[in-house]
Number of protein chains: 6
Amino acid sequence: MRPSGRNPDQLRPIRLTRGFTRHAEGSVLVEFGDTRVLCNASVEDRVPPWLRNKGRGWVTAEYGMLPRATGSRTDREATRGRQQGRTIEIQRLIGRGLRAAVDLEALGERRVVVDCDVLQADGGTRTAAITGGYVALADAIQTLLDKRRIRRNPLHGHIAAVSVGIHQGMPVLDLDYAEDSEAETDMNVIMNEAGHFIEVQGTAEGHAFRRTELDSMLDLAAAGIDELVAAQRLALER
Amino acid sequence: MRPSGRNPDQLRPIRLTRGFTRHAEGSVLVEFGDTRVLCNASVEDRVPPWLRNKGRGWVTAEYGMLPRATGSRTDREATRGRQQGRTIEIQRLIGRGLRAAVDLEALGERRVVVDCDVLQADGGTRTAAITGGYVALADAIQTLLDKRRIRRNPLHGHIAAVSVGIHQGMPVLDLDYAEDSEAETDMNVIMNEAGHFIEVQGTAEGHAFRRTELDSMLDLAAAGIDELVAAQRLALER
Amino acid sequence: MRPSGRNPDQLRPIRLTRGFTRHAEGSVLVEFGDTRVLCNASVEDRVPPWLRNKGRGWVTAEYGMLPRATGSRTDREATRGRQQGRTIEIQRLIGRGLRAAVDLEALGERRVVVDCDVLQADGGTRTAAITGGYVALADAIQTLLDKRRIRRNPLHGHIAAVSVGIHQGMPVLDLDYAEDSEAETDMNVIMNEAGHFIEVQGTAEGHAFRRTELDSMLDLAAAGIDELVAAQRLALER
Amino acid sequence: MRPSGRNPDQLRPIRLTRGFTRHAEGSVLVEFGDTRVLCNASVEDRVPPWLRNKGRGWVTAEYGMLPRATGSRTDREATRGRQQGRTIEIQRLIGRGLRAAVDLEALGERRVVVDCDVLQADGGTRTAAITGGYVALADAIQTLLDKRRIRRNPLHGHIAAVSVGIHQGMPVLDLDYAEDSEAETDMNVIMNEAGHFIEVQGTAEGHAFRRTELDSMLDLAAAGIDELVAAQRLALER
Amino acid sequence: MRPSGRNPDQLRPIRLTRGFTRHAEGSVLVEFGDTRVLCNASVEDRVPPWLRNKGRGWVTAEYGMLPRATGSRTDREATRGRQQGRTIEIQRLIGRGLRAAVDLEALGERRVVVDCDVLQADGGTRTAAITGGYVALADAIQTLLDKRRIRRNPLHGHIAAVSVGIHQGMPVLDLDYAEDSEAETDMNVIMNEAGHFIEVQGTAEGHAFRRTELDSMLDLAAAGIDELVAAQRLALER
Amino acid sequence: MRPSGRNPDQLRPIRLTRGFTRHAEGSVLVEFGDTRVLCNASVEDRVPPWLRNKGRGWVTAEYGMLPRATGSRTDREATRGRQQGRTIEIQRLIGRGLRAAVDLEALGERRVVVDCDVLQADGGTRTAAITGGYVALADAIQTLLDKRRIRRNPLHGHIAAVSVGIHQGMPVLDLDYAEDSEAETDMNVIMNEAGHFIEVQGTAEGHAFRRTELDSMLDLAAAGIDELVAAQRLALER
């Protein structure tokens with residue numbers, strides 16, 4: 001029995017609210033149950049120095065957590081003067097994931113930054129950020145298409161992410177904080193709509209996991225991603 | 001005529017949503033029109049080193065702006081490695097304002113941090129933060145009273161803040177971004193419920209302002225503060 | 001009775017020593033009693049990046065305190081690796097104040113930096129810095145006029161600053177450290193020679209202050225500024 | 001055909017030189033072909049603050065690259081004032097991997113830091129660091145056993161790591177820089193001697209990879225890890 | 001002929017003004033011609049962590065240069081966020097020099113920090129700082145003796161410093177900026193009153209220098225130090 | 001008797017291994033007994049901003065110490081976020097020393113960076129770094145001559161460095177850690193092949209040293225440098 005009463009293969013309620021703030025080209029509040037992440041995609045007409053004059057664009061992500069998004073307050077990274085290792089690891093993962101959905105040449109020499117700020121955390125913030133960030137990115141790119149600043153849609157398919165793990169010996173989908181904090185294995189999976197892998201990151205927290213356990217987790221992830229892509233489609237059609 | 005069509009002495013629609021996130025002891029989303037600031041008050045059972053063993057507590061504030069809270073994206077301060085001068089100036093102002101509402105001895109040796117994070121900016125973020133931060137602070141202190149960890153309520157009255165300015169020669173209340181960016185004078189006023197001053201910060205942006213202009217602005221501020229205190233009362237009664 | 005024996009409306013002895021060091025275009029040691037601040041104005045033939053090619057100049061200030069300017073030694077900010085919040089707040093105030101005296105278009109595309117370094121502190125360092133910094137700025141601008149690098153004097157009138165406060169229930173002018181550390185209200189006022197306001201910053205340290213108290217303090221400030229402007233005139237004529 | 005002429009399932013020549021420097025409790029130069037990493041394990045009789053008085057120890061890793069370990073010089077991180085995101089990601093991976101081999105309670109309240117410094121890079125520095133770092137860690141722990149400072153060996157089995165990838169459509173083991181820089185998929189696998197997973201990190205660089213490709217890569221990794229564990233055993237027996 | 005018209009073995013006019021500021025236990029303005037350095041010695045009743053409970057004290061120095069102490073403005077180190085290499089090198093030299101004059105056990109567990117801030121630079125700031133810093137240190141130690149907080153004078157003799165160099169082929173004493181900037185060799189010498197060496201730092205700026213040149217420079221330095229020690233004695237007797 | 005059993009004028013065994021790593025234009029492992037420093041010289045086709053378009057090149061050095069190069073682990077400077085004072089002092093010394101061997105105009109507008117990383121420390125790391133760095137620099141310059149990117153050899157003679165000191169009252173050459181940590185005087189001498197001085201840095205650690213002691217130390221240094229230059233020649237001829 002999971003702490004939340006969910007079935008092993010059951011996602012938390014997923015909500016994707018587009019236009020959550022008004023300035024960003026794409027602004028999506030994504031909720032995986034009690035995890036709430038605000039994903040703002042900003043389009044800038046310049047690329048990082050190492051990409052200049054190469055005819056290609058760039059997609060990157062930054063991740064932050066409001067100090068009291070968590071059960072006890074964590075120090076503000078701006079005050080400490082540096083981002084924590086965990087933050088850097090996560091924002092690099094989100095950036096790699098989202099870039100996998102974009103034809104950077106079709107984007108042209110511009111940069112899209114997807115800021116993922118966690119308003120409330122309950123496990124799975126990075127997978128929520130990727131899933132919601134994709135919708136914000138799609139909205140931002142749509143503004144470029146609408147203004148005819150790019151001709152061809154640089155998005156080549158959906159990208160979504162979900163966590164899977166082994167909790168009390170049982171493979172489960174989309175862990176909340178209660179499960180995550182006592183899981184034996186924790187895995188984040190990013191896949192595209194065709195069910196192929198963009199990124200797989202699995203870590204044994206307790207004992208090492210077996211190939212059969214890995215296989216079960218990947219099966220759960222694939223099914224979860226299907227539902228998340230469907231939710232993204234529904235949100236984007238509205 | 002003001003850009004928003006408001007009367008000179010008219011506030012924007014004010015909303016104070018308590019319990020906006022679930023972890024903080026006090027969590028309030030404050031809206032002054034399109035300006036939206038999330039104020040989370042956290043109680044910690046320790047004080048800064050210079051206050052240890054003095055039988056007194058501390059109230060402080062931190063201020064942040066999501067990178068895309070504004071019309072064009074601003075760099076994330078955690079990435080730049082330091083808070084900007086403007087940020088530091090604002091969070092010191094919020095902290096001083098909120099401390100003025102609290103009897104630090106009655107609070108006991110604990111610290112309340114009020115994190116004010118701007119989700120969407122349209123002028124007046126610091127005054128919204130103080131007005132909303134007060135309600136978050138009141139909620140956080142109430143949890144201490146409810147748990148009987150303090151006996152006497154350390155809050156001695158309401159604190160609220162509002163901006164006033166001279167826009168196209170006319171004194172106006174609660175400037176939005178359109179007004180603020182072309183105001184000749186900009187003043188932030190923090191007052192208590194008795195109509196006395198906690199802090200006055202007025203700056204001539206264009207030409208120097210006269211004593212009569214100062215007087216008109218302070219009259220507007222006093223009336224605005226009355227309305228804000230009433231809104232705080234209403235929110236806290238719900 | 002004030003600790004120093006002064007009347008409520010009496011400034012400390014004011015000294016403005018021009019040419020205190022030999023390298024800066026303007027170099028003034030300002031003394032408000034035992035508070036001594038060295039103000040060096042440097043002219044640079046470039047402007048900050050965001051002002052380039054706009055035909056306008058810039059005036060800015062930096063503030064520092066020698067580690068042993070105070071009763072007990074404070075850490076050197078260069079060693080700590082960052083300026084304190086108080087320092088940033090003060091140097092922004094000085095910069096805004098001095099800019100209010102200058103027609104930035106007449107200055108042309110150049111920058112004047114006014115470095116205000118406190119050699120000895122006894123309260124009121126920021127108001128001394130503004131009052132003395134104005135004279136250093138005037139000297140630096142005069143070198144540009146003398147060399148015919150600008151045609152029209154960009155200074156449009158005097159700027160001076162003074163502190164006022166409520167000490168033991170009585171409004172007083174130009175607080176020294178003994179008064180400042182136990183004042184109920186502390187207010188810094190920057191005015192021009194016409195008696196109009198550039199900046200007003202008043203903070204209740206103890207209890208909130210009333211409108212009538214504010215009015216008395218502003219009256220004291222206006223009289224004090226008159227004397228300071230006279231002292232500036234005298235110094236500049238020598 | 002691989003650029004190096006190796007078979008798809010063939011490791012580069014592996015060398016593990018113990019006692020490479022004389023100060024560290026464990027000092028191993030590990031070579032995976034031309035990749036050379038110096039792994040120094042240091043024992044310290046204190047734990048991080050958050051672990052104090054809990055009766056448990058800690059194992060952590062730091063990773064660095066000499067500025068000219070690579071084809072063109074990279075800036076020294078000590079000079080830039082911060083570690084790059086890639087560095088932080090790698091050292092966190094090494095630390096998690098090595099901790100998985102250690103019973104932290106049997107280690108007692110002490111910390112082992114494994115410094116992995118790349119003297120020469122040719123792909124696979126992080127997997128070499130884990131494989132060599134394990135041997136340095138084993139040597140460091142042996143000094144504690146020899147001095148009878150711990151009674152029970154906290155190491156519960158071997159840990160090794162290897163990279164696998166898809167290069168020109170073919171799954172290959174232990175990529176060198178020539179392969180790595182043009183691989184379509186890159187995966188790092190950490191396993192224990194029983195063939196169970198400690199960590200799996202796979203990233204699509206070009207197009208997304210399929211489940212069958214993932215399976216082939218994991219098979220290659222398992223065989224490679226077997227050889228690496230054998231090499232570790234041989235080195236530790238000498 | 002030297003630019004200043006001095007003889008090769010002639011110091012600039014030396015002035016040592018004690019009590020220049022009022023807060024520090026020792027406060028000396030030292031002038032070597034147009035070079036002016038304010039040396040403030042502060043006594044603190046604690047030692048650095050690595051010296052605690054060893055019954056010994058510490059003497060250290062910090063060096064700073066006001067931004068416009070020089071011909072063109074240099075960035076403020078507090079703003080840049082770090083001290084420059086040159087600054088660190090100089091303050092370490094001053095600290096080593098002054099420590100050589102003090103019996104750290106007789107000082108007891110306290111720290112004396114000598115802050116040397118250059119108000120105006122014209123060459124030789126580090127040697128002026130050591131020579132003046134010694135007098136400030138002596139004054140600070142005298143306050144401890146006067147208050148009977150230490151019994152035995154920890155100062156065991158005078159320390160002074162001077163620069164020597166080869167300018168236009170000729171060995172010269174106490175170089176000013178005009179000479180220093182075109183000297184072929186630049187050497188700083190710290191000696192005690194007995195004419196023995198505390199520190200020698202000589203650098204060839206143009207071509208390498210010979211042993212005979214070194215010898216001539218050391219002879220000049222020894223004579224210069226004699227005069228500086230006499231000036232220190234005179235100042236301390238007043 | 002020296003701790004190592006060496007004669008007072010005896011160097012430790014010197015080894016210079018060229019081509020130690022494969023990427024750098026010059027890569028030398030230098031060993032002074034148990035002190036081992038890897039010196040990598042990198043050629044870059046750009047100069048620092050302040051040298052641009054002046055037709056001259058630049059030679060600079062950076063110094064680092066692996067965390068466990070020493071008896072007890074020192075924190076990694078990249079993690080601490082800044083280089084220590086000692087590091088900065090040393091790398092500035094190495095840079096000045098190596099620049100003295102190079103005609104910067106003949107080098108053309110390019111920069112050579114010599115990275116000196118200490119793999120194992122046993123005293124004298126800075127003098128080993130200069131002596132080995134010279135050989136790495138010579139190899140890097142040779143690649144420029146071989147590719148005919150410069151016509152004239154910018155190296156004008158050899159540079160080497162050695163430490164001397166007073167240990168138990170006796171002047172000794174090339175101190176190892178055991179001697180260095182208890183020496184009364186420590187001096188680093190950089191000379192060219194003609195026996196002229198590039199830099200002399202002597203520090204009294206215990207009592208001040210006399211002119212006759214200085215003379216003895218310089219004699220020892222001159223003889224040691226002769227041997228080191230011979231070793232450099234031999235290494236470069238191989």
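Backbone N, Cα and C define each Cβ position, glycine as well.
Per-residue pLDDT, averaged over the domain 'Exoribonuclease phosphorolytic' (B:10-140), rounds to 96. Taken from TrEMBL, the feature domain 'Exoribonuclease phosphorolytic' applies to B:10-140 (among others).
Annotation comment: TrEMBL describes B:R86, B:G124, B:T125, B:R126 as phosphate binding site. For B:G124 (phosphate binding site), the count of additional Cβ atoms within 10 Å of its Cβ stands at 26 [all protein chains shown]. Mapped onto three states, the DSSP output places B:G124 (phosphate binding site) in coil.
Positions annotated as domain 'Exoribonuclease phosphorolytic' by TrEMBL: B:159-223 (among others). With DSSP states grouped into helix (H, G, I), strand (E, B) and coil, the domain 'Exoribonuclease phosphorolytic' (B:159-223) comes out at 17 helix, 30 strand, 18 coil.
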Quiz item: What is the number of other Cβ atoms found within 10 Å of the Cβ of B:R126 (phosphate binding site)?
Solution: 26
Self-check item: Max pairwise CA distance, angstrom, over record-listed phosphate binders B:R86, B:G124, B:T125, B:R126
Solution: 13
Practice problem: Determine the minimum-neighbour residue: among B:R86, B:T125, listed as binding-site residues, which Cβ has the fewest other Cβ atoms within 10 angstroms? | Solution: B:R86
Exercise. Starting from the Cβ centroid of B:R86, B:G124, B:T125, B:R126, the recorded phosphate site, name every other residue in that chain with its Cβ within 8 Å, sequence order please.
Key: B:Y63, B:I90, B:V118, B:A121, B:G123, B:T127, B:A128, B:A129
Quiz prompt | Helix, strand and coil totals (DSSP H, G, I; E, B; other) for the domain 'Exoribonuclease phosphorolytic' (B:10-140) | solution = 42 helix, 41 strand, 48 coil
